[in-house]
Amino acid sequence: MADCGHHLEDDFICVLSLLYSGEARVKTEVQAGPLYRVLGSPLYITCSVSGFRSENTDKHFEFRMTKPSNPDFEIQIISSHEDTFGYSSHLTRVRKNEIALKRLSPNSVRFEIKSLQKTDEGEYECTAVNLEGVYDGEYSDKTVVKVIEDSLSVSSSASTPLSLNEGEALTLTCLASSSTIQHTHLSVAWYLHKDGQEDAQPIISLNRDFTLSPGQGFERRYQAGLIRLDKWGEASYSLKMAEVEPSDQGRIYCQAQEWIQDPDGSWYIIIQKNAEEMTLTVKATVEISAQPAALQEGQELMLSCNINTQDVEKRFFSVAWLKGSVELARIGPTGVLTVAPEYSVRQKNGELRAARSGNRDYRLILKPVRTEDQGEYICTVWPQERGQDDTFIEGEPKDSSPQRVSVSATGVSKLTVKMQQAVNVAEGGGLHLFCKVDGVQGQLSVTWQLKSTPTAPFTEIISISQEGVTEIAEEFVSRKVKVMRPTTDNFTLALDEVTLSDSGVYQCAVSERKPNSKTHNQAQTTTVTVTSIDTLMGVSLSSRKTRVTVGEKLELMCRVKGPHMPVTVTWSVQREAKTPDTILTLSPDGTISWSADQNHYQLRVESRKTEVMYYLLVIGTSHREGGSYQCNVSVLLKNVHKELKASNQLDVSPIPALTTNMNTDITITCSIVKKTSESSLYSITWLHEENAGNKTIVSLDRNSIVTESQVDLRQRISMRRSKGPTFELIIRQARISDKGLYTCKVGEWLQDPRGEWYLLSTVSKSTVLTITEPENNLSVSKKDTAMNISRNQDFTFPCNINKQSSNESKFQVTWFWQKEIETKQRPIFTVYRNSILQHRFGENVRLRYDHPDPSQFSLTFLNPGPDNSGLYFCEVEEWLPSLSRGWRKVAVEKSGHFNVSVRTEGRHVLTHLVISLRKNSSSSLWAESVPMNNKPSGDD
């Protein structure tokens, strides 16, 4: 807009408008301080920025600091776009990666100091580098860092190695304390670091909020009270394990963490320390060992069984050796050996011997060992109590851990077996395990086996003989299981509809038999985990509409996420407090069982990559279709329907609709159908919701006194009360802006025995009002005109409105100029609907604006020159009053074109901006009648 200051003469009038100003766009944030961190510990400060136009482009950040001793001296530390940004005091640490800036996202970074020094204390500032050229917002933020001394002390009562027998008790004590001035919390945990494992595992921990949590694998003993963590006094934490197990063997230590709460409410570990480790050895009650564990057929295999318990020399035991679930031999409490029938021949031939070799030691010897002796062996021990009649009473058995024995044939065999690694499968899905056999020289037989728990033996699932005969184990006869052999050396186990109990270790055992040669055996295992379908499935219910009016269609979307599998989907609706009514059930084969009226609903299914969408279309929604909708998903497992997931409930409350034409009177009623007492009083508030949200139209208290109303609506809107009571809202001469959602909120008031009134409850009812809009009747003259005028000859552009939509219409008129056909159309003058004028042509142009009639506008050029030649036209906007927004634009029309050519002859006159105003009798257009500080709003 042109500058209208001292350049104008006194008799010129200029109307100015204020420039738009809004809220800051860019905002930079770091963690609120002060941040207390321990000397020598790491420091992390996250910095993020929002509001830049390019959200997905990496932003650059700079970090600076000031020290408490010199707060006015700013020290540059590190920048994401300039390697030499830091001062020498920090640049060396940056180059050694002791100070770093890690990018978290295009709009955030993390500032890191690996080890804090005392000189790092101070105020840190993060700056987002602005590359847009225009500043609009906050580009930096600060936080304070306090570096405190390390005062955490952790020590343990025992650091020397300790050896215990299985079942004995263990007690360890840890001392942990801190003298930090700041308010901090301590957490203490005991850890077990097993040999061969990279990470230690928590046994039990006391969190900073004094909550006890057992570690993974220790929950059972914690629940049984066999593992405890007790705090004594201010700094003593004791670990008590009532009965140690062989799995407890390893290095045990305690760890203390000191926590502080940052100003943002989050807790942060400022320091953590470990006490000295204590090495624990646990001797199992029953141990088994094999010498050797890997041997060739024909050699000697010795299986030793050792009993570790107190007073073993004074007690009696029975000891048995088992291969898988098959018992080989047993030595009774008096030393008598019994051998299983399948091994009796080998005992008679001297190939199997067993004896007690000491108070604790028992030995079984197999010689010569055979290839079928390969497998897992365990020892089982029963304590025996001798009664008064010299009979023995058998106690609870105790098993050793499994001992694997490998026996290879003496003949040269190239047989190898390969399986895929660990397999995960969803419950109800299909399991396919592949067994690849290489180096085949003879006939193969394959047996698939399963070990469901670590201590359970392998049990057979299915086998295929060398002749191709398939045999299914009794436990799996009713299951969908088979072995496929796509090629001679590939075997596939297929098990459909797996359950959680199918998890475990699967083994593919292969036997090869060659003519005139011994049988060679090889096996390979893999772990299968069956994941519960409950954890994989997700069901949610939603609708694109936030509300629905009576008679409208409503589409509900049931989104089922998870693995694709045959499921049954049931739609139901619950009305009031009744039992949910089933609408329909969709079976996996696509069959629909209708329980509700099929004419009121439609169903469609859409399958996507990771989800399936089930759409329920409610046709012609009425109050009968109102209620809480829900979709349920179930799956058929082992011929039993398992309920998987139920979606959220989605409330549908159809709203009555009322349709009327403009300029008619409307009555919206709100009736009380049930009341608590005949003496009740009622307060009522009428609300109107259009695009701009809820607005109160009128509000009456229980005494029918108006407490709130819209001043500009008082002439058109009134309220009436009749018997019932019934409250009526009356809108006269309805406008388009009156459309929207109307809600009456009624409060029921009762009087207590002391005479005081209190609000018992509030209920509301809504109605959607639709106003039929009139057709767009705005019409502007479209006639094209050509003008060929002399220099300094005035010319006028009329802009006349032939027809308008409403008598309440206001108009905004803008004239445009286009110098040549190829150039851009340029606005030169605007008169707004509130009579504000805006001149945009420049200083050296004199204009006269005329508005003699409400539908006639004209703009006259005074003393034009050749530079004013070109194509001119006007654009008219029609505006109507709006209840919620003040005014709204309803139509836009353009006039025909004026092609003006100004000849060069004639004298040149220096022109100035002149805006003359003529007022008619109907409305004033003088600037004094319009506030000078009113720039057209966004709605204008």
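Glycine is no exception: its Cβ is also placed from the backbone N, Cα and C atoms.
The domain 'Ig-like' annotation in TrEMBL covers 40-145 (among others).
Feature annotation from TrEMBL assigns domain 'Ig-like' to 150-281 (among others). Restricting the average to the domain 'Ig-like' (150-281) gives a pLDDT of 92.
Sequence annotations record features per position, and here TrEMBL assigns domain 'Ig-like' to 284-381 (among others).
The domain 'Ig-like' annotation in TrEMBL covers 402-529 (among others).
Here TrEMBL flags 537-653 (among others) as domain 'Ig-like'.
Positions annotated as domain 'Ig-like' by TrEMBL: 663-746 (among others). Secondary structure by DSSP for the domain 'Ig-like' (663-746): 6 helix, 47 strand, 31 coil.
For the domain 'Ig-like' (774-884), DSSP puts the residue distribution at 3 helix, 62 strand, 46 coil. Under the heading domain 'Ig-like', TrEMBL lists 774-884 (among others).
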Cβ-based contact of the domain 'Ig-like' (402-529) with the domain 'Ig-like' (537-653), 3 or more pairs under 8 Å: yes
Quick one: DSSP breakdown of the domain 'Ig-like' (150-281) into helix, strand and coil? 8 helix, 73 strand, 51 coil
Checked against DSSP, the composition of the domain 'Ig-like' (284-381) is 14 helix, 51 strand, 33 coil
